[in-house]
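Novice: I'd like to ask some things about the structure below.
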Amino acid sequence: MALFVRLLALALALALGPAATLAGPAKSPYQLVLQHSRLRRQQHGPNVCAVQKVIGTNRKYFTNCKQWYQRKICGKSTVISYECCPGYEKVPGERSCPAALPLANLYETLGVVGSTTTQLYTDRTEKLRPEMEGPGRFTIFAPSNEAWASLPAEVLDSLVSNVNIELLNALRYHMVDRRVLTDELKHGMALTSMYQNSKFQIHHYPNGIVTVNCARLLKADHHATNGVVHLIDKVISTVTNNIQQIIEIEDTFETLRAAVAASGLNTLLESDGQFTLLAPTNEAKEKIPTETLNRILGDPEALRDLLNNHILKSAMCAEAIVAGLSMETLEATTLEVGCSGDMLTINGKAIISNKDVLATNGVIHFIDELLIPDSAKTLSELAAGSDVSTAIDLFGQAGLGTHLSGNERLTLLAPLNSVFEEGAPPIDAHTRNLLRNHIIKDQLASKYLYHGQTLDTLGGKKLRVFVYRNSLCIENSCIAAHDKRGRYGTLFTMDRMLTPPSGTVMDVLKGDNRFSMLVAAIQFRRLTETLNREGAYTVFAPTNEAFQALPPGELNKLLGNAKELADILKYHVGEEILVSGGIGTLVRLKSLQGDKLEVSSKNNAVSVNKEPVAESDIMATNGVVYAITSVLQPPANRPQERGDELADSALEIFKQASAFSRASQRSVRLAPVYQRLLERMKH
């Protein structure tokens, strides 16, 4: 129980972040991760820390909950080991690490933390060892033995060939003339070294990793009588150039150098700050079409967006990445910076050829691919390699490709590839015009669309916007993914081909032979004007077969009661436009009759009052029509006596329906119920 309470307290502290804790001063991310490691070792006794070691390497990490349970660092499996926490040691015959390390001077503490090579090089200088053993309050960021061994031979030779100048200066650059613990190491701060007051950069990341000039702290906060020792994984060197100066002197940045100058971003890259530049090399330009590169280089706004997409808002050293991390660029896009083994990745791709090139105002990683943001792309480039490639091919075949690669302000409504699983339509005049109505004559953003808004298309149609609780639709087609906003155009990914409206609801019903009996009934009850005027209706239209399927007694009863017929017709008309993509699981739609219809959708099959819909989303200028194969009954239907006047009128409307049916279906015999009804009404 005690362990659970402590874990809960730690979880709350991690959730609150470094800015606040439940009690006492805020803990740094490093301290929180160290505390997590202490809690994980309860069964091993006090002062034991759990450490994750990457299999096959000497790399060890104090880790947070996520990494603990995943048992991976940069995609590589780890094993858990248990070591004495910083400042403690084992006692022979005792479990855990009960004894505090005795304090020694800085020089001796170097040996305790495993930096004996630093001790050795300190011995070679005339002045440094006496300082480390004498009175004072210094901090040294001491390279590990492996860090010294990994230095290029020519660099190491230059240091040891002049120990009292080069080597001494290098060691002093790792030192600060005061005591500095990790709780003082703030992200982005600069510490002044003991070498000519040169500065080095500190970065303290939310995952608890602390770096000094991108060298990771391996063991931190080892106290000495005259200071503090931190063990780091690299030998650090002075940094004198800002990001812009490095771009100017590196041969591999010729194209980048010209682009920065043309965009005016050189001022930013010279300024104070802590940026990460993902710097494209000359080779990166070879991986995109020359036409695309020239277009962007010739467009100041697109060029600036492109470069801003390569600049992260904060400095990110490679050693701080142990898993995928979303980072924001100056373009306000997000890139996933991750790792795979020793390789740094961007959006899952290992495109970084050189990492952790330090500048006074940040860090540079060389990349061999351009990261082109959506805001610098044409419509066709936005769609390249996406789930709408079939639609893009159709636009090209229809001769509309110039609209997708030009500088018109447009919005493309592109159906998903899955829409064409049964085959794409042939390119004819009808398809060409239909595709033109999938291009809006304005560059839109879905977040600014509103219910009832009308949009003008290249094909001359006006399309309506419908906003529902869980969907945003344009006519019968709903947006299936976040829109992509390009340089001039925006791409909306749609869940089906769009059908522009043609005619009123009444026009739609009259134009479809399936609804001749319904049309006759509507005309008799004088509802034609309602369904012809401006409005917003959802009509569940019973087909002729639906009326014919009624029992003879039911049909007679319906025709013998004017009010009941009117109520039933109005019950089939909803008071708003509801396309199938806006239904969700269940929608209760108020009808013109007053009662509500229960409209539901499951696995793309629509039903109303649990009756299946035969065809959905027949669009009209004032509504939408659904074909249904049953006649819906209001929940409180009260039959009334039929009058003689109704009988004559009923005969007339069904004569009209019969004539219409004969004209359109001369070779098809009417259903027996329908025939008997017509015969009866002649007498």
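Keep in mind that glycine also has a Cβ here, set from the backbone N, Cα and C atoms.
According to Swiss-Prot:
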- 1-23: signal peptide (SIGNAL)
- Ser37: phosphoserine (MOD_RES)
- 45-99: domain 'EMI' (DOMAIN)
- Cys49-Cys85: disulfide bond (DISULFID)
- Cys65: S-cysteinyl cysteine (MOD_RES)
- Cys74-Cys339: disulfide bond (DISULFID)
- Cys84-Cys97: disulfide bond (DISULFID)
- 103-236: domain 'FAS1 1' (DOMAIN)
- Cys214-Cys317: disulfide bond (DISULFID)
- 240-371: domain 'FAS1 2' (DOMAIN)
- 375-498: domain 'FAS1 3' (DOMAIN)
- Cys473-Cys478: disulfide bond (DISULFID)
- 502-632: domain 'FAS1 4' (DOMAIN)
Novice: Are any of Cys49, Cys65, Cys473, Cys478 (the recorded positions) within 10 Å of Cys84 (disulfide bond) when you go C-alpha to C-alpha, and if so which?
Specialist: Cys49
Novice: Cys85 (disulfide bond): which of the recorded positions Cys65, Cys214, Cys473, Cys478 have a C-alpha within 10 angstroms of it?
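Specialist: Matched recorded positions: none.
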Novice: Looking at the recorded positions Cys65, Cys74, Cys97, Cys317, Cys339, which one has the fewest other Cβ atoms within 10 Å of its own Cβ?
Specialist: Cys65
Novice: For the domain 'FAS1 2' (240-371), what is the mean per-residue pLDDT, to the nearest integer?
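Specialist: In the predicted model, the domain 'FAS1 2' (240-371) has a mean pLDDT of 96.
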Novice: Determine, using Cα-Cα distances only, which of these recorded positions is closest to the residue listed as 'S-cysteinyl cysteine': Ser37, Cys49, Cys214, Cys317, Cys478.
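Specialist: Comparing Cα positions, the candidate nearest the residue listed as 'S-cysteinyl cysteine' turns out to be Ser37.
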Novice: Given the disulfide-bonded residues Cys84, Cys85, Cys214, which one is most crowded in terms of C-beta atoms within 10 angstroms?
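Specialist: Ranked by Cβ atoms within 10 Å, first place goes to Cys214.
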Novice: Count the other Cβ atoms sitting within 10 Å of the Cβ of Cys473 (disulfide bond), across every protein chain shown.
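Specialist: The answer is 26.
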Novice: Do any of Cys49, Cys74, Cys97, Cys339, Cys473 (disulfide-bonded residues) have a CA within 10 A of Ser37 (phosphoserine), and if so which?
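Specialist: Neighbours among disulfide-bonded residues, in sequence order: Cys49.
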Novice: I want to verify one value. Collapsing DSSP to three states, which class is Cys317 (disulfide bond)?
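Specialist: Reduced to three states, the DSSP call for Cys317 (disulfide bond) is coil.
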Novice: Identify, in sequence order, the residues in the chain of Cys478 (disulfide bond) that are 6 or more apart from it along the sequence and have a CB within less than 8 Å of its CB; answer 'none' if there are none.
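Specialist: Listed in sequence order, they are Ser471, Leu472, Met494, Asp495, Arg496, Val579, Gly581, Gly582.
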